[in-house]
Amino acid sequence: MNEEQRLDASKVTQKKEEKDYSQYFQHVYQPPNLRDARRRGKAEVEYHMDFEIDERFKGLGKGRKFFIRTYGCQMNVHDTEVIAGILTALGYEHTDTTDDADVILLNTCAIRENAENKVFGEIGNLKHVKQNNPEVLIGVCGCMAQEESVVNKILKSYQNVDIIFGTHNIHRLPNILDEAYMSKEKVIEVWSKEGDVIENLPKVREGGTKAWVNIMYGCDKFCTYCIVPFTRGKERSRMPEDILDEVRDLAARGYQEITLLGQNVNSYGKDLNLDYNYDLGDLMRDVSETDIPRVRFTTSHPWDFTDNLIEVLATGENLMPHIHLPVQSGNNDVLKIMGRKYTREEYLELVGKIRDRMPEVALTTDIIVGYPNETEEQFQDTLTLYQEVGFEHAYTYIYSPRDGTPAAKMEDNVSDQDKKDRLQRLNRLVTHYTRDALSKYQDEYVNVLCEGTSKKRDDVYAGYTDKSKLVNFTAPDDGVIGKIVKVKITETKNYSLMGEFVEVLNEEKVEA
Ligand code: 5AD
Ligand code: SF4
């Protein structure tokens with residue numbers, strides 16, 4: 001679609017049964033469409049290497065401030081860093097409060113209904129900000145912006161929102177803001193496409209110690225409950241060299257840890273048309289050969305967890321011994337209905353293979369309870385799987401129907417009370433295992449990347465171990481911040497460890 005078409009609101013086709021909201025606005029109106037978002041064509045991914053801020057937009061933000069609130073996963077956290085990068089390049093300054101902001105953006109998450117409700121609550125709260133300052137621009141972006149029902153609801157009930165842009169439109173933010181200022185009307189630009197790869201976007205990273213590095217975008221797994229393949233487009237990998245350049249640059253700037261990011265990182269490389277095979281294992285090996293002291297990756301799907309990857313993880317010293325491996329359920333029938341494409345036995349076999357090569361690895365997972373028609377016996381299978389693996393921690397959720405996904409159309413005979421009850425029982429087990437895993441650290445020595453002071457006390461420092469355990473520790477002074485230090489554990493708690501600083505481990509690297 002070209003620019004002219006995009007600007008022509010009359011070309012937008014709406015589903016018949018939907019009300020036409022175009023009366024409420026609009027200069028630019030390009031709403032999302034879940035049916036288009038689901039499509040997966042044969043067209044090759046386009047790589048755009050030449051992003052730059054157009055001359056006519058430079059200085060757009062001069063004398064203006066921006067505030068971004070981020071909801072949801074690490075992908076969103078990193079998108080916020082890109083949005084902040086673009087706004088900063090436009091001349092905006094960051095502010096920590098909505099009170100003195102000229103642009104307020106909510107970077108939203110659509111994964112569960114309660115995530116969406118939080119956002120609607122916040123948009124409601126922002127009404128008074130708009131009343132105090134009618135000039136402020138309020139924007140909604142991220143995964144919720146990709147949903148037709150959300151855009152319609154905002155247009156109908158939240159007149160204080162000025163701009164809505166989708167996950168494929170982040171690089172268009174300069175145009176969108178310019179349009180909003182010029183037209184003084186609502187601007188909605190949400191492309192429901194499979195997606196491109198756009199390189200060289202500016203980023204303002206939070207903190208100078210740990211960095212997120214995108215390795216791929218989108219998801220083609222279409223687990224039956226999940227909205228992500230609709231909101232984030234198809235699986236598309238960045239070129240290995242672009243990723244490695246970014247990692248080398250971060251290492252040279254003193255970053256101590258990177259996390260390779262993707263919705264489903266184990267599919268990395270499948271879509272690349274290279275003359276040779278190159279998968280996540282190959283990428284991890286190449287990343288491990290850079291100077292970055294710590295490397296993590298998230299999120300994994302058990303389906304494509306290759307032997308090559310296990311081998312590389314077992315040997316790379318800077319590859320952290322923690323794998324987050326969402327299982328979702330321990331019952332084969334539920335896994336099948338979820339579209340996860342592995343069985344309980346296959347998952348356990350994979351865990352066995354990983355542990356054979358990495359006996360010390362920490363495994364964590366995601367679990368959904370109360371899937372449509374899940375029986376008590378099926379839920380029990382999830383509990384026994386949890387015990388069998390002995391996960392060190394889990395993120396647990398009650399199933400939340402998402403419009404447009406296959407599961408949302410399923411009849412469901414499980415009561416809300418049963419779902420809550422199952423979540424509680426699972427959480428009790430999770431807490432028990434988490435505490436048990438932490439209790440083993442009493443009087444042990446661990447390596448901690450110190451990120452700063454603890455949330456509660458300025459004289460206590462905080463960071464994570466190789467296996468992602470939170471440690472709060474005392475140290476003589478601020479010199480530990482940004483360094484990997486040895487800490488002796490003096491107390492173990494339910495969700496964290498307490499300790500005392502022993503010595504700095506990577507002094508030379510930081511100064512290099
Ligand atoms: N309802 C509940 N939990 C969900 N997740 C994804 N979609 C849903 C849903 N519709 C959970 C999965 C996933 C994690 C990021 O969120 O466990 O791994
Ligand atoms: Fe959602 Fe499944 Fe893709 Fe993960 S792998 S983002 S749960 S569809």
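Note: Cβ is positioned from N, Cα and C throughout, glycine not excepted.
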TrEMBL has Cys73, Cys109 down as binding [4Fe-4S] cluster 1; which of Cys143, Cys219 does it also list for that site?
Cys143
Restricting attention to the domain 'TRAM' (439-503), give the mean pLDDT.
96
Using CB atoms and a 10 A radius, I'd like the single residue among the binding-site residues Cys73, Cys109, Cys143, Cys219, Cys223 with the highest neighbour count.
Cys143
Going through the binding-site residues Cys73, Cys109, Cys223 in sequence order, which have a CB under 6 Å from an atom of ligand 2?
Cys223
Binding-site residues Cys109, Cys143, Cys219, Cys223, Cys226: those with Cβ under 6 Å from an atom of ligand 1 are Cys226
Go ahead and report the DSSP secondary structure tallies for the domain 'TRAM' (439-503): helix first, then strand, then coil.
4 helix, 35 strand, 26 coil
